[in-house]
Every structure is written in C-alpha cells, then in structure tokens.
Amino acid sequence: MFNLFPPFGANTAIFNDAPQPWQVGFQDGASPTQEGITELHDSIFFYLVIICFGVLWVLSSVIVNFNSNKSQLVYKYANHGTLIELIWTITPALVLIAIAFPSFKLLYLMDEVISPSMTVKVAGHQWYWSAEYSDFINEDGESIEFDSYMVPETDLEDGQLRLLEVDNRMVVPIDTHIRFIVTGADVIHDFAVPSLGLKIDAVPGRLNQTSVLIEREGVFYGQCSEICGVYHGFMPIAIEAVTPEKYLAWIDSQA
C-alpha cells in the first residue's frame, strides 16, 4: 500500500479488485457493465444446472427402464411420441429465448457511449500502453500524455503486484462517464480490465471506443488480451479510480 498523493497525507490506494491466487470466478465488479455480466453469467449458469440434471435424469431413466437385458420387447415400441417431440423442441427454444434477450440487452448497453464527461485515448505498443487526456491542457498548451510500462520484479515495493504493477497508472474519477478511445500503434492488442467489464481491441489504423462508469475508488488491473509478440504477458494495465477532488489534484500535478 502506498499514497497516491504523498503531499496530501493519508490518501491510500485500495487494492480491493486485484486478482487472487488460484481465482476461478469473476473479480468484484466495480462498474454497471461488469455487474451486468456477472448477473447474466449467474442466470445462464442456473439454467445450465437444471438442463444438465434434467438430461442426466432422462438418460438414466432410459438406461434403466429401456434396455434389452430388462426386456427384449419394450424398447421396440418406443419409436414415436408426438408429445415428447414437442417438449424437446419447444423447451430448448424457450431456454434460448430466455438467454438471448438479456444477452442482447447487455451487448447493446456495452456498445452505447452515453454522453461522456471525459475521454482517455489509449494506444497499445509492443509492449506497453500510452494514454492521452486530450480534455486537459498543461502550461505548454499540450494535452496530458504518458507511457505506462510494467514495473520489473526487481523494482517492486511492498504491496505491489507482480506482472500487474506499472510505473504510471491511468487515473480517472469515480461516478463519471468516461470514454476510452483505443487503437494500436504496431500490432493488434486488446485493452482489458476484468473488474470494470472492459475488453476492446486495439487495432492499428482503427479507433474503437467504449465507455465505463466506475462506482467506487480502487486500483483495477488488467492485461493485454491479444497475443502481440514475445512480451505479450508483460504489458499490464492499471487504472486508479479516485474521487473527483483527488482527480483534479492529480491533473494539476501533471500540468
């Protein structure tokens, strides 16, 4: 743990959304998008459990009751049943509809950029990220921009995460509609932060955009999710979400 703004005293960054060793499930969602993804996953998983047990029960019943060892005649007459055919045709269709509509709704919401209050331009390089805050101008009349490299393992301090910590974090405010415009400078990369529900391709010559609203303070980690070369696994992403007051103080420090 360490202070984001040492001159301001006890403002300590919170590592509450970092991945855990041997973690299988989702990280805690910190945006409406990730919360929606988690909810959709849980709903579909519920359907899958019922389907698996239902199919297992039918198969077990058929194996036990309709086998040639038990009766050589009974299975010969089980060759047609209009009702059961309707059931196994209509039921999967209803299940697919129950899955499809929430999925489409979430996909359209993820694709919508709703009146962003600020824009962060992100470019993927081999093998680091660069960020530009074009909404803010420093004393030289230039936008705020910086490169973000992974901190080598030998330089890590107490509390910093191996292969995830960077020298310059992307600092953004909470409770603010933020637009990320993402591109690639050389090859295809992928800008992904699981706890924020962000995953967008960084393609050279193309601008892709997505939006996010972060609901709480914290440090949110991600990695390039598109194989981009020999050091693909060494270009992490670290987004630090702070209150608007701390964010403005950070902007002043960058200017």
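Positions of Cβ are set from backbone N, Cα and C atoms, glycine also.
Annotation comment: Swiss-Prot describes 1-16 as signal peptide. Positions annotated as topological domain 'Mitochondrial intermembrane' by Swiss-Prot: 17-43, 102-255. Per Swiss-Prot, transmembrane segment is recorded for 44-64, 81-101, and the stated evidence type is sequence analysis. If you look up Swiss-Prot, you'll see 65-80 marked as topological domain 'Mitochondrial matrix'. Residues annotated as Cu cation A1 binding site in Swiss-Prot, with similarity to another entry given as evidence: His189, Cys224, Cys228, Met235. Annotated Cu cation A2 binding site per Swiss-Prot: Cys224, Glu226, Cys228, His232, in sequence order. The Mg(2+) binding site annotation in Swiss-Prot covers Glu226.
Taking Cβ-Cβ distances under 8 Å and a sequence gap of 6 or more within the same chain, the neighbours of Cys224 (Cu cation A1 binding site) are Gly124, Trp127, His189, Asp190, Phe191, Ala192, His232, Met235, Pro236, Ile237.
Other Cβ atoms within 10 Å of the Cβ of His232 (Cu cation A2 binding site), summed over all protein chains shown, number 17. Here the topological domain 'Mitochondrial intermembrane' (17-43) has long-range neighbours at 99, 102-103, 106, 109-110, 161, 164, 194-198, 212-216, 218-221, 241, meaning same-chain residues at least 6 beyond its ends whose C-beta is under 8 angstroms from one of its own. Under the DSSP three-state reduction, Glu226 (Cu cation A2 binding site) is assigned to coil, being neither helix nor strand. Long-range neighbours of Glu226 (Cu cation A2 binding site) (same chain, six or more residues apart, CB within less than 8 Å of its CB): Ile188, His189, Asp190, Asp201, Ala202, His232. Apart from His189, Cys224, Cys228, Met235, the Cu cation A1 site neighbourhood in this chain, defined by C-beta within 8 angstroms of the site C-beta centre, holds Gly124, Gln126, Trp127, Trp129, Val187, Asp190, Ala202, Gln223, Ser225, Glu226, Gly229, His232.
Within the same chain, the residues at least 6 positions away from Cys228 (Cu cation A1 binding site) whose Cβ sits under 8 Å from its Cβ are Gly124, Gln126, Trp127, Val187, Ile188, His189, Met235, listed in sequence order.
Here the Cβ of His189 (Cu cation A1 binding site) has 30 other Cβ atoms within 10 Å, regardless of which shown protein chain they belong to.
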